[in-house]
Amino acid sequence: MRSVAVGAVDFSGRPFHFLGIGGIGMSALAYVLAKRHLPVSGSDLRRTHITDRLESVGAKIFQDQVPENLDYFQSLQVNPAVALPTGSPGSGLTLEQIAESASNGVNGNGRYQTHCLPQVVCSTAINEGNLEYQGAIAKNCPIYHRSDILAALIAESRGIGVAGTHGKTTTSSLIGYVLKEAGLDPTIVVGGEVDAWQGNAYLGSGEYLVAEVDESDGSLTKHHPEIGIVTNIELDHPDHYSTLAEVVEIFRTFESHCQTLIGCLDCGVVRQHLSPTITYSLENHPEADYQARQIKRQAHGNEVEVWERGVCLGTMTVTLPGDHNISNALAAVAVGRLLGLDFPVIAQAIASFNGAKRRFECKGYCNGITFIDDYAHHPSELLATLAAAKQKVTHGKYERVVAIFQPHRYSRTHTFMAEFATAFKDADLVVLTDIYSAGEQNPYNIRGEDLAKAVGQHHGHVVYQPRLTELREFLPKVLQSGDLALFLGAGNLNQQIAPVLAACA
């Protein structure tokens, strides 16, 4: 999808229309704009709790993608007989009133420009053959990529942008939560749902905006935050990048756009190619500005000493599992301290943070089996997540780690086949399904069975179950009391957790 808009994004009252509004990144932006009392509409082929939440704050949702959707706000002025639904643009005004406000230029936020065609927002997932997209071009609507809207929001705030191949969602959520608990009331836009604000976005009244900024399609270079964080850099998204050098160049450009860059020294690529203003590390790099020392790894979390430039600030409890989440918490400490927060305030917030959905999220228990949903879909993410799970077994909380993994994208599976083959060393049993295409073609002629064979060369207990629906019959036969069953992947495997749970009862 290409942006064809010329000029700045208009936040003064011109409507926004999102193509694929139910997506995790699109919906967060739509929510913030709707909460700002801007006219928001969008289309999505599926009705979900995410689209329901958007409707609850006034967005108009269409369940088809046709050019006529783009005329919605203009149509309000020619059909004044019907009242707006409660909470819709105009805050419950009749259509006559919103039409009048459009001509007079007045509403609760200043102006509604409903006489204008909307600003259309797309993500990379929308292809140029999409009928609604083609309609937007034909109607000469300004068309923006999702990242253009986020970049504009960051630019008008004191922006804090969290980048990195892994850990963006948890780190940005942690930072947002710390600032919120400290009373700074930031606006938060992240790529996962968080119970603390009951969704993937929160509109605050403060001057800060905390956002997860994405490198997957190269749009990271659009952002100019006051504070940037880079958690790590690795080759991923082989559908967009051919080499690690291409990824590094994107991050170097992002670094040049940040007033202050905070970077993790535990990543060799960050050490070699970036020059962060502020650094953090676990116990490996004593030169880091922020360090975690004396790590006590426990079944219910980790306790660490936090050091700031050679001075011990105190201890911190990280309830999220795994060393990677200690690292994510250190990034939040670094941001909080940069903003002048006292360490006890930061530590208390981190200790009470319960994480984001689909990040080691407990989905239920049955007959001594614990069911976990996790978004891990890259070999490094699998290694970190399974190491965290194994830590819980080591401390006696569970007896076995069972990894149920749905590979995500043919290109990723093909590119990282060797790395995937050794990524399951901390699992006692591995169950692999067929590959979730995410809309990709398969020029590699690769299947999940190929990955199962590769993993089987390094692991003695691998089962290939290609069809997701077959898991409902298979897993209850092999799962046993004391198992920690992890459903892993960025596709739709998580939709099988509830049926498997029910089948185990």
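Just so you know, the numbers here start at 1 and follow the chain as drawn.
For all residues, glycine too, the Cβ spot is worked out from N, Cα and C.
Features as listed in Swiss-Prot:
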type: BINDING; residues: GLY164, THR165, HIS166, GLY167, LYS168, THR169, THR170; note: ATP binding site
Report summary line: Candidates HIS166, LYS168 (binding-site residues); min other-Cβ count within 10 Å returns HIS166
Query raised in the report: Other residues with Cβ within 8 Å of the Cβ centroid of GLY164, THR165, HIS166, GLY167, LYS168, THR169, THR170 at the ATP site?
Result: VAL162, THR171, GLU212, THR231, ASN232, ASN328
Query raised in the report: Other than its own, how many Cβ atoms are within 10 Å of the Cβ belonging to THR170 (ATP binding site)?
Result: 30
Query raised in the report: Using a Cβ-Cβ cut-off under 8 angstroms and a sequence gap of six or more, which residues of the chain neighbour THR169 (ATP binding site)?
Result: VAL190, GLY191, GLY192, GLU212, ALA356, ARG359, TYR375
Requested in this report: Check each residue in the chain of GLY164 (ATP binding site) that is at least six apart in sequence and keep those whose C-beta is under 8 Å from its C-beta; list them in sequence order.
Outcome: THR171, GLU215, ILE229, VAL230, THR231, ASN232, ILE233, CYS264
Report task. Could you tally the C-beta atoms, other than its own, that fall within 10 angstroms of the C-beta of GLY167 (ATP binding site)? Result -> 24
Report summary line: Once DSSP output is merged into helix, strand and coil, HIS166 (ATP binding site) belongs to coil
